[in-house]
Structures are given as structure tokens and as C-alpha cells.
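Here the structure comes first, spelled out in C-alpha cells, and everything after it is commentary.
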Amino acid sequence: MDAQAGAPEKGDTKTLEPIVSHEHGTADSIRHRVWQVPIQLTLTSGFGFLVDQMILVAISLLTPQSAMEFGPQYPTLLSASNYAGLFVGAIILGGFADNIGRRLIWQLSIFAVSVAALLVAAMPNWAGLNVMLAILGFFGGGNLAIDLTLLAESIPRKWGFVLSGLAAIWGLGNTLTGLIAWPLLVTFGCESGSTPATCHKEDNMGWRYLYITVGGLCLIMAAIRAFVLSTLESPRWLVSCGRVPEAVDILNKIAAINKADYAASADDFIRMEVSINQTRSLSENLQRAKRLVTGGKQIWLMACLALMWMLIGIAYPLYTVFLPYYLASHGASFGESSNYTTYRDWTVSSVVGIFGPFLSMWMVSNKWLRSKKSLFITAAISAIFSGAFTTVRNDAQNLAFSCMINFWLNALYAIVYSYTPQSLSVENRGLGNGLAMALGRMSSLSAPFIATFGDVTSPVPIFVACGCFVLIGLIGLAVPVDTEPFSY
């Protein structure tokens, strides 16, 4: 057969789409033969979950401590700066990943996060703190989006459930940050109720030590990515660019690493016009981006993803960014208001949350449940425990419900985070995943205003989150595509 037979004419997008789909299917079929579960890439992609959660948790712990030192009028709006950065970063870095490749953004974003985190600790005033947290959010928002995109494209579809299990590292980020902050903020922080007149820099170094530690850990992770467990470019992305020979070369390198007998060749693929450019023009990028909203099924998918992420963006901060406030206020009601009790409860509930994504991993790999039903079940249970939280009357109940909510929320979020990149086409997976996350970050901007101008210690935010979870579950049943169950 002629190598160019059946090749699409230039500009023939109707012909190109099925050919692109065939090429991606071919790449996935070859990966089934040459690739086991990429443990190294899975671990280093997990850094994205770890960094993302460490950023969010560190801000929630930083806010009350830094507010006592700087005395801003609206301290709870600090996280809004970070969410603004997360919003912009997810879109811009996601778009860059579709244009110049996954690998470069994957490596540079986490390094930039480490530098920004270290600079946060050096900020001398409230304005500087807001600026650096926005920059930190910019690179952090792109980092997680690209981690999920790269891993989704680097494992066979039957192993897609690994993406859900990876979110267990999210809970680990919660726990690790809590364990770091617990001694630092208690030992080197101002007591609750202090003011700028009584809380000076030398008395309040705990949050600075926290960010120095977080930044140092991110720097170590960046070094591991770059020099110890480096990765190759995504074969699927290369195929989507028409760079089949490069994709074949990488697939064969993967085969050699895994000691597989199979060798891929360009003849395994339908030949497309090979791109000689490493990047695309603006018009080419816009044309490809339009495919995100082309066709009824695709429009419905993007609408469902957008709503799901926006609802998560509202609900999630109400239980994470402001959880220390909630725990502290209820601790006071129960006669336990010390920093020690607050951070102890935070750490315990975070440890329990680690195990939620492991349940998600089993659920989405089950041929009957898969992602759609799993979304509904985990969202419904999250809503039930959210509503039940209002019945808490003592410290033991407060801690128990915090643990259960963390467990089921992490289970739910693990499915949403893994479903999104798997449901999108390779051509625009970076941008689509980034846009979905960006919408979540944008809606998260509402949470600081709720905390500032409402009563975050009342049950109202709990009922708001409860309603969001119910809607997420219903949307989960309505999405037009499902993930593949695990098969041997």
C-alpha cells in the first residue's frame, strides 16, 4: 500500500479527525504491548497533586498567622490572590503544553513553584504576600493540569484508574503540610487573638519557616524530575502534531526500557502530513481549540465539565481553605481552642483523607461502576456527610465528621481529576484540562468573599457545599462519555 494512500488533503478537517483518532488508537495499542505501568512517571506526576495541595493548605494555615502580624482589613481575601494565579496559570500553561509539548512545561512549572514559595517567606508586608501568592498560584495551576495530561497520555487506557489512585497523594499533601505546620506554627507563631501591636516578626516566624520548608521540598521534587526520574515527550501529543517518526522513536525507547520484544514503526500508523514546525501559529492554535466546542456531544461534554469544576471550585475551599477557622471556632465551643488542638484535628482528618482515592481507584476500574456511577455515589455520600456536619455537638463528633468528609471528598475529587483528561481529545487535552481547572479556580474566588462578608463558622457554607455535591453527582450521570474499566 502506498505510504500516502488515504492521506487527507491539506485543510480537509473532516478527513483528518478520524485519521487522528486512528493514530491515537494505534499508539495506545502499541503501548499495551510495550509498556507496563510507568512507575517512575506515576510517582513524579504525583508531585503535582502534592504541590497543589501543599500550596492550598499552606495558605489556609498562613492566613490567620500573617493577619495577626500585618493587620489587614480583610485577611480572608488572601487566598483570592492565589486562586487568581491558579486560574490564569491553568489556562496559559495548559495552552503552551498543547503548542510546545508536555515535557518542558512539566519540568519547569514545579521548579518555578519552588522559587515562588521560597520568596513568599521573604515578603515584608501584606501587599507583597498577595503578589507572591498570585505568582505561586500561576505556576502551581499549570503544574497539576500538565501532570494529569502527561500521565493520561503515557499509560494504556485500561490503566486509566491509576489517575484516580494517584490523588491519594493529595491527602498526603494535606497531612505532610499539617505535620510540618503543627510544630512550626505552635512553637514559632503568635497566639490566637494577637494583634500587630503584640505580634511582631520575630515572634511570628512559623509561617515563614513553613514556606521555606514547602519551597525546599518543591525544589527537591523539581530536581528529581529533571535529573533522577526524567520522562520522555508524550507519544500521543507527537502523533497529534503529525510527528509520527518522533512518536515511534519514543515508543521504541519505552519498549527497550520495559524489555518488550515489540518494535513500533511508522508503518503502524496512517501517514499524516508531518509537521516541520515545533510550534503552531495563532490561527492554527485557535482552529484546534475550536474542536473543544464542535459538535453536540463535545459541547455537552465541555458544559458538564465546566459546571462540575465550577461547583467543585465553590465547595472545596469551604472544607479545606477555611477548615482551620471552622475547627478553631468549634473547638472554642467545646472548650478546646488552642493551636495544638486545631492542627491536631487537621492532621488526623488529613491522614484519613489519603485513603479516599484508593476507593475511587477500585470504583472506576469496576466494569459496572466506572466513572459516571462512581461520581454520583461519591458525590451523594459527600453531600450526606456535609449536611450531617451541622449536627456536631462535641469535639469527638467534630473530628469524626471531619475525617469522613475528607475521605469522601478526596474520593470524589480523585474521580473528577482523573475523568477530565481522559474524556478530552489529545489535540486539546492540555488546554481543555487547563480550562476546566481554571473555571474551578475562578469559582473558588467566591470562597474568600463568603468568608470575609459572611460567617464561615456558621452552617451556611456547609449547606452551600452540600448542594454543590448533589449537583456534581447528577452531572456525573449526565456526562456523555465514560472511562474504560480495567481489563487484563
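Yeah, the Cβs are placed from backbone N, Cα and C, and that goes for glycine too.
The shown structure was predicted, so the numbers you read here are calculated from the model rather than taken from an experiment.
TrEMBL lists 38-485 with the feature domain 'Major facilitator superfamily (MFS) profile'.
Beyond the ends of the transmembrane segment (41-62), by six or more residues, the same chain brings 78-79, 82, 110, 113, 117, 133, 136-137, 140, 143-144, 146-148, 150-151, 154-155, 162, 166-167, 169-174, 176-178, 181, 185, 207, 210-211, 214, 217-218, 221, 224-225, 229, 231, 317, 320-324, 343 to within a C-beta distance below 8 angstroms of the stretch. The transmembrane segment annotation in TrEMBL covers 41-62 (among others).
Annotated transmembrane segment per TrEMBL: 74-97 (among others), in sequence order.
Annotated transmembrane segment per TrEMBL: 104-123 (among others), in sequence order.
The transmembrane segment annotation in TrEMBL covers 129-152 (among others).
According to TrEMBL, the transmembrane segment annotation covers 159-186 (among others).
The feature transmembrane segment is assigned by TrEMBL to 206-228 (among others). Beyond the transmembrane segment (206-228), the same-chain residues lying 6 or more positions past its ends with a Cβ under 8 Å from any Cβ of the stretch are 44, 47, 50-51, 54-55, 58, 61-62, 65-66, 106-107, 110-111, 113-122, 177, 180-181, 184-189.
Residues annotated as transmembrane segment in TrEMBL: 299-326 (among others).
Residues 319, 330, 360, 363, 369, 401, 404-405, 408-409, 411-412, 415-416, 419, 459, 462-463, 465-467, 469-470, 472-477, 479 of the same chain, all 6+ positions outside the transmembrane segment (375-393), place their C-beta atoms under 8 angstroms from a C-beta of that stretch. Per TrEMBL, transmembrane segment is recorded for 375-393 (among others).
What TrEMBL records for 399-419 (among others) is transmembrane segment.
As annotated by TrEMBL, transmembrane segment applies to 460-481 (among others).
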